[in-house]
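Enquirer: Pasting a structure here, questions to come.
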Amino acid sequence: MPASPTAVSADTYSSGGSSLPSPSAPDARKRRVSYFYEPSIGDYYYGQGHPMKPHRIRMAHNLVVHYRLHHLMEVCRPYPASAADIRRFHSEDYVDFLASITPQFLAASASTFGSSVADDGNSVHPFESSSSRQLRRFNVGEDCPVFEGLFEFCQASAGGSIGAAVKLNRGDADIAINWAGGLHHAKKCEASGFCYVNDIVLGILELLKFHKRVLYVDIDVHHGDGVEEAFYTTDRVMTVSFHKFGDFFPGTGHIKDVGFGTGKYYALNVPLNDGIDDESFQGLFRPLISKVMEIYQPDAVVLQCGADSLAGDRLGCFNLSVRGHADCLRFLRSFNVPLMVLGGGGYTMRNVARCWCYETAVAVGVEPDNKLPYSEYYEYFGPDYTLHIEPKNMENKNSLSDLEKIRNVLLEHLSRLQHSPSVPFQDRPPKTESPEEEEVDMDQRPTCKLWDGESYDSEPEDLAPHYGDIVESHSTPSHDKTENTAGSVVTIFKLNSSH
Ligand SMILES: [Zn+2]
């Protein structure tokens, strides 16, 4: 591998985990990394004032390229997920809706059906077009708006995670990264929390074709509800979510929610309070994940690296540094199990870019210079122009005794698990019928919104120009598009909200 001026090997990496020598690399540090990036991803735009900005993925990629990390890994352009791929988790009518809805159709629909007065002059109420009924039914509108290219955006995000799974399934990579993935709130039949298609569930379903047990770890500030719900009743996927709990979107993720039926104790929820710092976070993350790895012995791990748990995030309330956030990846990487690394939330774009660039460096096993290389987006990173960020001066509302209680309760849950369940496993899973869809009671939605509607477009970073980016190589379509209706032994079960 060519040495670069800004990315130097880290001889001082001491992960503290079980750093096993890789069968594919001569030492415990190097990993074969595949990195999925769709060059048009930064052009998608949720709308004026919306905090979710796909542009942050292009900013992260830009730093990756300027640190010359792309020479240390395989860069792949994802093959867009087809509607049939997406239907492996999502309902047919929801996918049809996503594939057909456009801002133009909505506007035309509003002008056609906008009148609420019938021919005889009487008011017709309630009156709404079928498209607005669908918007309500699929929870599309406010947090999850209809924007130009919405379905193509979902296809790119999901295609990256499915492609990453295929790389790991084939043994072609030790780590596969998709920063456009990690959209953990999307549900089988509806959008939620800026997420439309759950690329994580689709990626895990792909991994389950070749792996007996998959561990999912989520360090986004929000609960990983969509993924937990999808695998709540199976022991083939264990979900572990670290998140802010209490009067916070999406409202789920109580410590007592542990899974159901065969899946009982295969869901782990770590409820945290505002201001958690690196030391407190790792004080829970390391012992809990160590125990999970020891007991569950997953064949593959998926890490959702939502960057809204960083200090200074516009929607988050944690106080993690980039280094503290990346330590989760460093620790999981040390177990040397096939690892999928995904993005997620993250609403202070310059810090999201810093974080995902640094985590890409951790994945390939180098320690980048803290001084940022000059790049198109350099002015975003002032006044310090450094890769790392300092934690904020904020109170850590997680007391030592609270953290100890949480750790002990969760270790107790883990003690109820049998060691590595020998689940029935078939190389070619049979098709499994999905249970009947349930109507969602609109009145039972959590009242907490992810976004309060405050505009976020006044930030200087939004005013910077967009530039094209570099993609090293394009992978060939990496998954068999004819296998998209293959079912899975995993039960995708839509539970009523019981929280
Ligand atoms: Zn989030």
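Yeah, the Cβs are placed from backbone N, Cα and C, and that goes for glycine too.
Remember, TrEMBL labels are computer predictions, not curated facts.
Sharing the features that TrEMBL gives for it:
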- 1-13: compositional bias 'Polar residues' (COMPBIAS)
- 1-27: region 'Disordered' (REGION)
- 50-361: domain 'Histone deacetylase' (DOMAIN)
- D143, G193, Y347: substrate binding site (BINDING)
- H185: active site, proton acceptor (ACT_SITE)
- D220, H222, D308: divalent metal cation binding site (BINDING)
- 420-487: region 'Disordered' (REGION)
- 469-483: compositional bias 'Basic and acidic residues' (COMPBIAS)
Enquirer: I need the nearest neighbour of G193 (substrate binding site) among the recorded positions H185, D220, D308, using C-alpha distances.
Expert: H185
Enquirer: Checking the recorded positions H185, D220, D308, which are within 10 Å of Y347 (substrate binding site) at the Cα level?
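Expert: Qualifying among H185, D220, D308: D308.
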Enquirer: Around ligand 1, within a Cβ distance of under 6 Å, which of the binding-site residues G193, H222, D308, Y347 show up?
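Expert: What lies within reach of ligand 1, judged by Cβ under 6 Å, is H222, D308.
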Enquirer: Assuming the binding residues for substrate are exactly those in the record, D143, G193, Y347, what is the maximum CA-CA distance in angstrom, rounded?
Expert: 14
Enquirer: Counting only other Cβ atoms and using a 10 Å cut-off, which of the binding-site residues D143, D220, D308 scores lowest?
Expert: D143
Enquirer: Identify, in sequence order, the residues in the chain of H222 (divalent metal cation binding site) that are 6 or more apart from it along the sequence and have a CB within less than 8 Å of its CB; answer 'none' if there are none.
Expert: H184, H185, G193, H243, K244, F248, F249, P250, G306, D308, G345, L450
Enquirer: Cα of D220 (divalent metal cation binding site) to Cα of D143 (substrate binding site): how many Å, rounded?
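Expert: Checking the Cα atoms of D220 (divalent metal cation binding site) and D143 (substrate binding site) gives a distance of 17 Å.
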Enquirer: Take the domain 'Histone deacetylase' (50-361) and average the pLDDT across it for me.
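Expert: 95, rounded to a whole number.
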Enquirer: What three-state class does DSSP give D308 (divalent metal cation binding site)?
Expert: helix
Enquirer: Around the divalent metal cation site (D220, H222, D308), what further same-chain residues have their C-beta within 8 angstroms of the site's C-beta centre?
Expert: H184, V221, H243, G306, S309, L315, G316, G344, G345, G346
